[in-house]
Amino acid sequence: MASRNQNRPPRSPSTVSPNSLYSIGIIIFFPQWRRLKKDGIDEVPLDKRRRIGAGRMVGPASTGRARQAFAVVNNKPDGTVTNDMGSAEGSDCAPVEFTKEKVEALLNEKSKGKKFDHKAKLEQMTEYIKRLKLCIKWFQQVEENQVIEKEKLQSAMESVEKKCTDTEVAMRDKVEELNLIISNLKTTIFSLEERVTKEELDKLDAIESHRKENEARVAGEKLQASLSAELEKVRQEKSAAEQKAASFEDMYKRAQEYNVSLQQYNSKLQKDNETHSESLKRVEMEKLTIVENLSNLRCHNKALQDQLTSLKASQDELIKQKELLSNELRCLRGELQQVRDDRDRQVTHVQDLTAEVLKFKESTGKSCVELDNLTIKTNALEEICSSQSEQIQILQQQLASANEKLKTADLSASTTRTEFEEQKRIVCELQDRLADAEFQLSEGEKLRKKLHNTILELKGNIRVFCRVRPLLPDDGVGTEAALISYPTSTEALGRGIDLMQSGQKFPFTFDKVFSHEASQQDVFVEISQLVQSALDGYKVCIFAYGQTGSGKTYTMMGKPETSEQKGLIPRSLEQIFQTSQSLEVQGWKYKMQASMLEIYNETIRDLLSTSRSNGLDMSRAENGVPGKQYTIKHDANGNTHVSDLTVVDVCSIKEISSLLQQAAQSRSVGRTQMNEQSSRSHFVFTLRISGVNESTEQQVQGVLNLIDLAGSERLSRSGATGDRLKETQAINKSLSSLADVIFALAKKEDHVPFRNSKLTYLLQPCLGGDSKTLMFVNISPDPSSLGESLCSLRFAARVNACEIGIPRRQTTVRPTDSRLSYG
Ligand SMILES: Nc1ncnc2c1ncn2[C@@H]1O[C@H](COP(=O)(O)OP(=O)(O)OP(=O)(O)O)[C@@H](O)[C@H]1O
C-alpha cells in the first residue's frame with residue numbers, strides 16, 4: 001500500500017480529482033460502494049474498479065478525505081481541476097467547493113433572526129437560494145459531467161457492447177465451433193462410452209475371467225500345493241523307496257558278501273572241520289593208542305605191581321630169608337665167631353695142638369682136615385650171603401624203577417585224558433559253530449532271496465528290455481547309426497533308444513536297452529536274477545516280441561552248440577541246475593519238469609510228443625483228422641495244465657538239451673518273404689520247479705516260462721498269401737490279444753480277455769498279476785523295417801508303462817507226510 005502511495009503526486013486535501021467526484025456519485029448512488037469504500041478500496045478487485053469508472057481512490061488517507069469532503073470540480077479540457085466553492089456570484093468563474101458537512105449544513109440550515117423579520121429572512125432565503133442554486137449548479141455540473149461521463153461510458157459501453165457483440169459473435173462462432181467440437185466430442189464420448197461400456201463389459205468379462213482364473217489359479221495353486229505336497233510325498237516316498245532299494249541293494253550286496261564270506265567261512269569251517277575231524281581221528285587214534293598204551297601200561301603196571309607184590313613178597317621173603325640168612329649169618333657169624341673163637345681157641349688149641357700136634361703130630365692129623373672143611377664151609381656161606389644181598393639190591397632197584405615207570409605212566413595217562421577232554425570240547429565247540437554257520441548260511445540265503453525278490457518287486461513285475469540286433473548282410477542299405485541312436489544322458493544311459501524316421505526323432509525308454517554290440521552273456525546277466533526267482537518259488541515269464549527276423553529266436557534260443565551264442569533258454573536252464581545243486585548243501589532238493597509246446601494257427605502242438613516226432617500228430621491235425629485235443633486248465637493254485645501234454649522229469653542240463661533239440665526239430669518253420677527261417681508259431685518252454693528243504697520243511701513251487709513269440713508283421717509287408725496269410729492273421733490276432741490282456745490288466749479292468757487267444761489263456765497265471773514278467777522287444781536295424789520297429793517300440797512302451805499286480809512266491813511248509821506235488 002505504501003509503495004502505491006509513494007509514486008503518487010501530493011494532492012491538496014481540499015481537492016479531489018474528477019474521478020473522485022464520480023466516486024462520490026457512485027458513493028451516493030451505490031450504497032454497496034460505500035460499504036466497499038468503508039472496507040477499503042484496495043479490497044475491491046482491480047477489474048471491478050476499472051469497470052466502475054475512471055475514478056480512482058487510492059490509499060486509506062485519500063479515502064477518508066473523500067468521505068468527509070464534497071468538492072465541486074471542473075473538468076478542464078487540459079484536465080486540470082478547479083474549485084467551485086465560493087459565493088453564488090462567483091459561480092461563473094470561481095469554483096465552489098462543497099463538503100458533505102457544508103451541504104448537510106446547507107440543507108439543515110434554519111432561518112435565523114426574528115420571526116417576523118421578513119426582509120432578513122428574505123435575504124437569508126435569497127442567500128440560501130443562491131447557495132442552493134450554487135449547490136444545484138454544482139450538482140447539475142456534476143450531473144453534466146456525469147452525463148458526459150455517461151455518454152463516454154455509453155460509448156465505451158457501446159464499444160464494449162460492440163466488442164461484446166463481436167465477442168458474442170466470436171463466442172457464438174466459438175460456441176458453434178465448440179458445439180461442433182462438443183457434438184464431435186459427444187460422438188467421441190458416445191463412441192468412447194460405447195467403448196467404455198464394451199470395455200467395461202470386457203472388463204467385467206475380464207474380471208469374471210480373472211476371477212475365474214483366480215479361482216482356477218487358487219484351485220490350481222491348491223492343486224499345485226496338493227500336487228507339490230503329493231510330489232513331495234512321492235519324492236520322499238521315492239527317495240525312501242530309493243533309500244530302501246539302495247539299502248536293500250546294499251543289504252543284498254552285504255548279504256551276498258556275507259553269503260560269500262559265510263560260504264568261505266563255511267568252506268573254511270568245513271576244511272577246519274575236516275582237519276579237526278582228521279586231527280580228531282588222529283587224536284582218537286592217539287587216544288586209542290594211549291588208551292591201549294594205558295591199558296598196556298596198566299597191565300604192565302599191574303604186572304609190575306604183581307611183580308612188585310611178588311617182588312615185595314619175594315623181598316619180604318628175601319628179607320625174611322635175608323633176616324634168616326642174617327640170623328643164619330649172625331648165627332653163622334656167631335658160629336663163625338664161635339668157630340673163629342673156636343678156631344682161635346682151636347688155633348690156640350691148634351697151636352696148642354700144633355704144638356701138641358707138633359708134639360703129637362703123628363698122633364693127631366685129623367683135626368686140621370676138619371678145620372679146613374669148616375673154613376671152606378664158612379667161605380661158601382659168606383659168598384651165599386653176599387650174593388643174596390646183591391640180589392636184594394638189584395630187586396630194590398628194579399622196584400624203584402618200576403615205581404618210577406608207574407608214576408610216569410599215571411602222569412601221561414592223566415595228560416592224555418586232559419588232552420582228550422580238551423579235544424572233545426573243541427570238537428563240540430566246532431560242531432556248535434558249524435551248526436551256527438549253517439543256520440546263518442540258511443538265514444542269509446533266505447534274506448538274499450527276500451532282498452532279491454524285493455529288488456525285483458521294486459523294479460516292477462512287468463519289465464521291458466529292448467534288444468537291437470546287428471545289421472546282417474541281407475539287410476537293406478544304410479547304417480544302423482543313421483536310424484537308431486542311444487542317448488548318453490545319465491538318466492537314459494543304457495535305457496534309452498532313439499529312432500529316426502523321415503527326419504523325426506522318436507525317443508523311447510525301457511528298463512534296459514541292449515545295442516547291437518550286446519553279447520548273449522550281457523543279456524543273460526540282466527535276466528539271471530529273474531531266472532533265480534523261479535527257484536525261489538515265483539512264476540516267471542520271459543517272452544520275446546518283435547517283427548520277423550528281428551532276433552527273437554536268437555535271443556531266446558541262440559545257437560546252443562556254441563557257448564558264446566547260446567541264448568537265454570539254455571543259459572537259464574544251466575543256471576537253474578547249477579544253483580539247485582549248490583543249494584543242496586543247504587538241504588534243498590529240487591524236482592524239475594519240462595514241457596514244450598507251440599501254438600500254431602491257434603492250435604496247440606506238443607513238441608515233446610513221440611507221436612508228433614514221428615509226424616503222426618501233426619499230419620493228422622493238418623489233414624483235418626482230429627489229433628490230440630490239448631485243453632488248457634488252471635487250478636486254484638494258479639498252476640496250468642494242458643491235457644495230454646508231454647511233461648518230462650529232468651535232472652540235468654544234458655537231458656534238457658536233448659529235449660530242446662527234439663523240440664527245435666519239431667518246431668514248424670515256415671518260409672516267408674521276410675525270413676527264410678521264420679518261426680510262424682509261438683514257442684512256449686515251461687519248466688516247473690518244486691523244491692523242498694529237508695531241514696526247514698519248506699516247499700517252493702516256481703514256474704519258468706520262456707517264450708519265443710511268432711514274428712509280428714503287417715500283412716502288406718509279409719506278402720503272404722494262402723496258408724501263410726492265415727498264419728499271419730492268426731499270429732497277429734494272438735499278439736493283439738496279448739496286448740489287450742496286458743492293457744486290461746494295467747487298467748485294472750474287471751474283465752481281462754485271457755480267453756481271446758490260446759497264448760493268453762495259457763499264460764493267464766503268468767500274466768495275471770502274481771508273476772514276474774519280462775518282455776524283450778527285438779528290433780531290426782534294417783532301414784526297410786523302420787515302420788515295424790516303430791510299431792514294436794510303441795507297443796513295448798505301452799507295456800512298459802503298465803503296472804500289473806505284485807508277484808507272489810509260492811511257498812509252503814511241508815506237512816509231515818506229504819510228498820512233492822506237481823502242478
Ligand atoms: N544279436 C544278434 N547277433 C547276431 N546275429 C543275430 C542277432 N540277432 C539276430 N541275429 C541273426 O538274425 C537272423 C534273424 O534272427 P532270428 O531268427 O532270431 O529272428 P526272429 O525274430 O526269431 O525271426 P522269426 O520271427 O521269423 O522267427 C538270424 O540269422 C540270427 O542269427
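Backbone N, Cα and C atoms are what each Cβ position is placed from, and that goes for glycine too.
TrEMBL lists 143-195, 224-342, 385-412 with the feature coiled coil. The domain 'Kinesin motor' annotation in TrEMBL covers 461-802. The feature ATP binding site is assigned by TrEMBL to Gly546, Gln547, Thr548, Gly549, Ser550, Gly551, Lys552, Thr553.
Thr553 (ATP binding site) falls within a helix when secondary structure is assigned with DSSP. Counting every protein chain shown, 23 other Cβ atoms lie within 10 Å of the Cβ of Gly551 (ATP binding site). When the neighbouring Cβ atoms lying within 10 Å are counted for each of the binding-site residues (Gly546, Gly549), the highest count belongs to Gly546. Across the coiled coil (143-195), mean pLDDT in this model comes to 80.
Under the DSSP three-state reduction, Thr548 (ATP binding site) is assigned to coil, being neither helix nor strand.
Cβ contacts within 10 Å of Gln547 (ATP binding site), excluding its own Cβ and spanning all protein chains shown: 26. Counting every protein chain shown, the Cβ of Lys552 (ATP binding site) has 28 other Cβ atoms within 10 Å. Thr553 (ATP binding site) counts 25 other C-beta atoms within 10 Å of its own C-beta, drawing on all protein chains shown. When each of the binding-site residues Thr548, Ser550 is scored by how many other Cβ atoms sit within 10 Å of its Cβ, Thr548 comes out lowest.
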